[in-house]
Amino acid sequence: MAEAGAGLSETVTETTVTVTTEPENRSLTIKLRKRKPEKKVEWTSDTVDNEHMGRRSSKCCCIYEKPRAFGESSTESDEEEEEGCGHTHCVRGHRKGRRRATLGPTPTTPPQPPDPSQPPPGPMQH
């Protein structure tokens with residue numbers, strides 16, 4: 001029986017596969033752009049076309065509406081804006097914000113000559 005097993009042969013085949021991948025030489029370029037400013041002039045529907053050229057413009061000093069925080073009511077400051085800045089060019093008829101009487105002489109009051117007994121005004125001090 002020892003002779004029966006001697007005639008068998010076994011073949012072992014080893015296959016080695018070597019896969020070589022070349023590193024990809026890709027490059028990624030990211031370009032940074034400056035943000036566009038969010039500030040811009042927006043005219044409301046009641047802005048006057050005072051030049052009749054199809055463009056909206058305003059010489060009213062109080063047309064600007066300050067941006068409000070989220071949830072802040074837009075009616076809180078409407079009373080002040082509608083009552084006024086006191087300028088004659090203002091088409092909204094504002095009247096409230098007149099400060100000329102407290103700041104000094106009005107344009108209708110002639111300027112007062114300097115008092116000779118007083119020293120001339122010096123440099124402004126802060």
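Using the three backbone atoms N, Cα and C, a Cβ is placed for every residue, glycine included.
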Per Swiss-Prot, the candidate from Ser45, Ser73 carrying the annotation phosphoserine:
Ser73
Among Ser27, Ser74, which is the one flagged in Swiss-Prot as phosphoserine?
Ser74
Phosphothreonine per Swiss-Prot (candidates: Thr75, Thr102):
Thr75
